[in-house]
Every structure is written in structure tokens, then in C-alpha cells.
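Annotated in TrEMBL:
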- B:G35, B:K36, B:G37, B:G38, B:V39, B:G40, B:K41, B:S42: ATP binding site (BINDING)
- B:C209, B:C212: [4Fe-4S] cluster binding site (BINDING)
Amino acid sequence: THFCCYLFITPPRTRTKPRTCQHTDECLVFADCPGTTSEQAGKSASCQGCPNQKLCASGATKAPDPAIAEIGQKLSTVKHKILVLSGKGGVGKSTFSAHLAHALASDSSKEVALLDVDICGPSIPRIMGLEGEQVHQSGSGWSPVYVEDNLAVMSVGFLLSSPDDAVIWRGPKKNGMIKQFLRDVDWGELDYLIIDTPPGTSDEHLSVVQYLSSTHVDGAVIITTPQEVSLQDVRKEIRFCQKVTLPIIGVVENMSGFVCPKCKNTSLIFPPTSGGAEQMCTDLNLPLLGKVPLDPRIARSCDEGKSFLNEIPDSPAAEVYQRIVQSKC
Amino acid sequence: MLACSSGCGQMQNMEQSDGDGSLAQVRHVVLVLSGKGGVGKSTITTELALALRQAGKRVGILDVDLCGPSIPRMLSVGRPDVHQCDSGWVPVYTDAQKSLALMSIGFLLEDPDEAIVWRGPKKTALIGQFVSDVAWGELDVLLVDTPPGTSDEHLAVLENLKKHRVDGAVLVTTPQAVSTGDVRREITFCNKTGVRILGIIENMSGFVCPHCSECSNIFSKGGGEELAKLTGSVFLGSVPLDPLLSASVEEGKDFTQLFPNSATFSVISKISQTLLNSLQTA
């Protein structure tokens with residue numbers, strides 16, 4: 001399967017012709033483009049005058065990317081693959097991914113890997129305490145960075161030379177990087193591969209799903225915060241999963257309430273005005289995996305690159321995390 | 001498409017005569033950026049716009065977050081029909097005086113729950129068209145709310161706004177190192193693309209318990225100010241984590257009018273004043 005963006009277009013309400021022609025080798029933006037993989041590619045009336053017409057007509061664009069099969073082969077030894085998604089930024093995707101990895105790796109008989117495909121905002125190196133680490137090239141590909149013997153991490157952050165380096169990349173280049181992460185990293189045999197994603201439903205997400213299409217993916221864990229402003233974006237992410245037929249393992253509500261360390265009263269800092277994740281899960285018939293309370297010690301652990309689950313194992317938030325991991329993975 | 005093969009020359013002429021017509025009467029253009037998601041870009045954009053309006057300015061907001069446009073909800077404008085006039089898309093006004101204009105890319109999409117699963121090139125094309133086609137009319141400040149990151153949307157916005165002029169960018173961060181780390185990268189983005197940094201705002205800066213008034217630094221404290229020092233940028237202020245503010249943006253109510261005496265509002269108002277001064281002196 002090749003996911004051309006065209007397949008997912010919601011037509012703008014008022015159609016206007018693009019003022020200027022914009023093309024890349026990846027996709028076309030014409031309202032009437034039949035899609036690069038369609039039978040009509042390069043042949044329909046709207047293809048006349050398109051600079052990519054010849055390429056489309058030749059059939060080359062219909063052939064699947066050979067990397068998909070290579071990745072399928074490479075990851076055939078990975079038992080479980082889990083994506084962590086959210087339509088909204090800053091809801092705790094990376095925090096959850098990191099702690100899921102820590103929790104799974106606490107069983108020393110399991111091999112766990114964490115892949116960060118947030119190309120423009122990689123937070124995983126810091127959260128895992130690996131800032132400044134570099135990736136090494138070996139005969140069998142890029143070697144990931146190890147936090148523990150059974151916990152490997154890969155992120156674009158390991159390829160940058162300074163914390164100020166910005167990755168100002170457009171979509172196709174980000175996709176190339178993701179392809180390399182999946183195909184060229186020497187993961188070895190794994191029980192779990194956890195993939196942390198950036199917010200949204202764009203290049204990174206399509207690419208991951210596309211590149212993993214010849215292997216089995218267990219599904220996605222969706223992270224949200226309780227407010228409607230966040231849920232409205234998360235619903236879109238759920239639609240995305242349905243469109244690309246990615247199973248949803250469940251939803252985690254993060255930053256669910258804050259217990260004042262002094263008076264022990266709970267404040268709903270991010271108010272669930274529309275019923276929070278609970279209502280959304282009921283509406284959409286999805287399992288709610290748990291509600292993680294806001295705890296300042298989580299943010300601190302992440303900043304210091306330590307596992308909150310090891311730091312304060314008896315806290316309510318750590319217990320919720322453990323319960324989610326035990327129940328689903 | 002067909003127009004392209006037949007009438008390219010004509011279209012180019014049209015564009016030239018348009019020039020930056022839609023932005024010609026816009027005095028200042030300010031980008032609101034952050035490398036990190038969920039730090040409150042849209043909230044800060046909304047509140048700054050409301051504060052500027054209260055200061056008697058004509059303000060516009062351009063929301064280019066395709067995958068998660070939040071501003072329409074925060075200003076409770078719903079999903080109005082967008083009209084076209086001779087000079088382009090007519091923005092949606094939130095008040096009868098037409099002092100706050102909004103254009104969101106969300107308005108152009110069919111179904112609000114639909115996922116916009118677009119790759120970069122398509123986003124670039126739509127944003128390009130969108131940015132240069134809004135008939136803003138006369139504005140003192142146009143705030144541009146962006147999605148997180150340093151990718152297609154940002155480049156597209158810059159490419160298209162730069163034909164006109166961009167005064168600079170306000171960077172929003174939360175206090176934790178995980179967030180300031182991403183914002184450092186955004187600063188590099190600004191330097192590389194030649195965008196002046198007007199200042200850094202620290203959001204979600206501390207939470208005062210409504211029960212016992214104890215202040216908890218849920219997302220740590222001081223990261224924004226430190227980052228400003230480190231990078232030699234102006235620090236515009238710390239906006240506290242205020243449940244009244246999150247409730248206001250949730251329900252689309254005007255926080256600046258509901259809670260004019262709150263500490264949070266005084267910070268926002270001070271930031272908007274500083275911003276205005278730096279725009280006028282530049």
C-alpha cells in the first residue's frame with residue numbers, strides 16, 4: 001500500500017484553483033489529481049500539463065517503495081510494535097512513551113526499544129537521560145543508544161551536534177529519516193518497539209504507518225489531556241487511525257487533576273468541560289486505559305532524564321502508569 | 001491545472017498587480033512560535049489579541065495549524081461560512097466593531113472532526129494560497145499562530161509573508177527543560193530564516209492552589225527566563241497556570257473582560273504593552 005496524500009484529502013469547502021503549480025516527487029496538489037497510485041495516474045484530463053505526468057504515466061509511481069519490504073524483513077523479529085499518538089502537542093506522548101519503555105524493560109528478560117520519530121522536536125534523548133549521546137555506525141547499521149542492557153533508544157537528537165541545532169526539514173526529508181530509522185538501525189531481536197510520534201496527522205505519521213505496512217503493528221496508544229481543546233484534535237487522530245486501519249489499543253488521559261502537595265485538595269487545572277477522555281471513549285467505543293494525575297515530580301524526572309517510576313514508585317501517578325502497562329502490554 | 005498550461009502568463013501578471021495587497025494595510029506582523037506542542041501558543045495568541053484589542057488596536061489572527069486549529073473555539077466563533085470578495089477571503093470578525101478579525105485554515109475544511117492527513121507539499125500549497133489571499137483590510141497587528149515544529153508550515157508561512165514584511169516572532173515555552181530544549185531549536189530556526197525574536201513568554205509558570213494558596217511549580221519554574229538570558233533574547237513575562245484561563249479558552253470566553261483584576265491578566269496586558277512598544281520602536 002502506498003499512501004499518497006491525495007487519498008486523504010478533504011476538499012476545501014470553497015474550491016479554488018491553486019494559483020501556482022506546486023509539485024514534488026511525492027504528491028500533487030491539484031484538486032483533480034487522480035493520485036499517483038491510481039489507475040488513472042498520468043492519464044486523466046487533469047494530468048495534462050503536469051510536470052509529473054510522464055512519471056505517473058510510466059507506472060513507476062504505482063510500484064510500492066522497496067523499503068517497505070526491507071523494513072518488513074528487518075522488523076520481523078520484533079514481537080510487538082506500539083505507536084504512541086496524539087493530535088495535540090504537549091499532552092505527554094514522549095513522557096508516556098519513555099515510561100512505557102522503562103516499565104517494560106524492568107523485566108530484564110525483555111528486550112525493549114524506543115524510537116523517537118519527532119524529527120523537529122525530539123524530546124526523548126533528554127527524558128531518557130541521553131542528551132549529548134551520539135549514534136555509532138556499525139557493520140549492520142546504526143547502533144542505537146542503550147539506557148540499560150535491554151533498553152535501546154533512537155532519536156534524531158542523537159544525530160545533532162548541539163542542543164541549538166534545528167532540523168528545518170520539509171516532509172520528504174523527514175520521511176527519508178524515518179525510513180532510515182526503521183530500515184537501517186541495528187535493533188537486534190526485540191520484544192517491544194515503542195514509537196513516539198510528533199503531534200498531528202502528517203508526514204511522520206503517514207510514513208510510519210506506510211513503512212510498517214508489511215509487518216504486524218499491535219496498535220496505537222492515544223494520549224490526551226482532559227480539555228475539549230485537546231480532545232477536538234485527538235478525535236482527528238482517531239479518525240486517522242481508522243483511515244489507515246491502525247488498531248487503537250486505548251486512550252490515556254494525562255494531566256487529569258492536580259493534588260496540592262500541601263492541602264491534598266484536587267484541582268482540575270485542565271477542566272474536562274466536555275466530559276474528558278472518559279466521555280470521548282464512551283462515544284467512540286474505545287477503551288480508556290487510565291487517567292494519570294498531574295504531578296510536578298513527573299516533569300522534574302523528565303527534565304533530569306530519570307524514570308519517574310523508579311524515583312517515586314509509590315506515587316498515585318506511578319501506580320496508574322504501572323496499571324496501564326500491566327493491563328495492556 | 002488547465003489554467004496553468006493555458007494562462008500562466010496571465011496569472012503571474014495578476015499576482016504581481018496584487019502584490020502584497022491583502023497585507024498592504026497591516027502595520028505589524030508577528031509570528032507566535034514554539035518548537036514544542038501544547039505549550040499554549042494558541043492560548044497566548046488569543047489572549048494577546050484580546051489584550052491588544054482592549055488597548056484600542058485593530059487586531060487580526062491568522063491560524064495556520066492545519067492538523068489542530070484551536071483558535072476558532074477559543075474565540076467561540078464556531079464554523080462560519082467564509083466569503084470571498086474581490087480582494088480575497090473575508091476574515092471572520094468576533095465583534096461588531098470589527099476590531100478583532102480571525103482567519104483559520106479550519107474554516108475552509110468540510111468536517112471539523114475530519115483528520116487532515118496531508119503531507120508537506122500539499123500543506124505548503126494551501127498555506128501559501130491562504131496567507132496571501134486574506135483580505136485583512138486595515139490592521140495594527142496581525143498575529144500568526146503556528147503549529148509546533150520547524151517544518152513545512154513554518155517555511156510556507158515565512159516564504160509568503162516575507163514578500164510583505166514580518167516584524168518578528170514571539171516564542172512561547174513552558175518552564176521545563178524538555179520544552180525549552182525544543183524552543184532553543186526554534187531560536188535557531190529564527191536566526192537561520194532571518195526572523196527577529198521579539199521575546200520569549202513562559203507559560204504555565206506556577207499554579208496557585210485555590211484551596212490553600214500554595215504555589216506549585218507543576219512544570220518547574222524559570223526555564224523561559226533562563227533561556228532568554230542564554231540566548232540574549234528579551235524575556236516578556238511568565239503567565240501562570242491559571243484554571244480560570246484554561247476554562248475561558250475552553251468555553252471561548254473573553255478572559256480579559258471576565259477577570260480584568262487577575263494577576264494573570266495583568267501579566268498578559270503587560271506583555272502586550274511591551275510587545276507593542278517594541279513593534280513601534282523597531
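Positions of Cβ are set from backbone N, Cα and C atoms, glycine also.
This view paints the features noted in TrEMBL onto the structure.
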residue : record                        : DSSP class
B:G35   : ATP binding site              : coil
B:G40   : ATP binding site              : coil
B:C209  : [4Fe-4S] cluster binding site : coil
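Local packing around the binding-site residues B:G35, B:G37, B:G38, B:G40 was summarised as the count of other Cβ atoms within 10 Å of each Cβ; on this measure the leading residue is B:G35.
Highest Cβ count within 10 Å among the binding-site residues B:V39, B:C209, B:C212: B:V39. With a cut-off of 8 Å between CB atoms and residues at least 6 apart in sequence, the same chain places B:V32, B:L33, B:S34, B:D145, B:T146, B:P148, B:V172 near B:K41 (ATP binding site), listed in sequence order. Between the alpha carbons (Cα) of B:K36 (ATP binding site) and B:C209 ([4Fe-4S] cluster binding site) lies a span of roughly 26 Å. You'll find the Cα of B:G37 (ATP binding site) roughly 25 Å from the Cα of B:C209 ([4Fe-4S] cluster binding site). Around the Cβ of B:K36 (ATP binding site), 28 further Cβ atoms fall within 10 Å across all displayed protein chains.
Here B:S42 (ATP binding site) comes close to B:D63, B:D65, B:S70, B:I71, B:M74, B:D145, B:V249: these same-chain residues lie at least six apart in sequence, with C-beta atoms under 8 angstroms from its C-beta. In this structure, the CA atom of B:G40 (ATP binding site) is 20 Å away from the CA atom of B:C209 ([4Fe-4S] cluster binding site). The separation of B:C209 ([4Fe-4S] cluster binding site) from B:G35 (ATP binding site), Cα to Cα, is 29 Å.
Geometry remark: B:V39 (ATP binding site) versus B:C209 ([4Fe-4S] cluster binding site), CA distance 20 Å.
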